[in-house]
């Protein structure tokens, strides 16, 4: 649905969108890189307000979030459009094209979440940054109704809109696609540095942060670059959970899937810098299990998205040594 956008300014014969680091300059009739924000007679509008392409009740571990309300089922919703152009996108049917959508209001979406017994709403599947106005309106209502809000995002957003949005966001999984500007620019049409700034700012503002990096053979899997990523995350906090995810061919990529042996090697490298590291898309319990970094007790044993063992207090602390492990 068409709605006037926020965070833009007039300049010369057009407008500048100030939502993300692309800072698209749009003349009358022009469409932004995201495919959903456009200039109409000197005013920036969004095309996708209230447009829902996907909706489901998912395990929160599927986001993935392993340290925020573990075991919960959460209403997960997505729109269409994205401010990246990743050649390996797994959701390209909704990020790079416009699918069939259903129109809902923020109030209706919150009521759907409540009616399904969800404790919160996850804005996911496509890129929620380009759904900004709808996410902002919905998140505010959700908080007033006692629900939490989760953002699954590429983290490509400017600081001012981020600060406003984070007033009503409780947890984020941020997709850090690599630690090389050339890779980001060529394969995604972005850069990793603004994403790192978002991770740091969101963490400082008290939002629960987890990070996912999809490991693509021959593209973003250089050990020296990944070690720099691990170091950079550890400087923000050694307790930021990192999910190293196995790549499978998708969209414009036909590269063979990531070697499981390579992922395990990177897992142990990351563990030298970070307390909580996981491997996604291989479904081996050992690499999905949360261990207390103080006493090394397996406090959450997972098999896929299911929790088999839960050895934490109701406050989310290790029962053996009292170390805080998760937010509940």
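Just so you know, the numbers here start at 1 and follow the chain as drawn.
Any Cβ shown, glycine's included, is placed from N, Cα and C.
Copied over from TrEMBL:
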BINDING   82, 86, 89  [4Fe-4S] cluster binding site
DOMAIN    67-277  domain 'Radical SAM core'
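The least crowded of the binding-site residues 82, 86, 89, judged by other CB atoms within 10 A of its own CB, is 89.
Surrounding the centroid of the Cβ atoms of 82, 86, 89, where the record places [4Fe-4S] cluster, the chain contributes additional residues within 8 Å, namely 84, 85, 88, 91, 92, 95, 96, 127, 154, 188, 251.
Per-residue pLDDT, averaged over the domain 'Radical SAM core' (67-277), rounds to 98.
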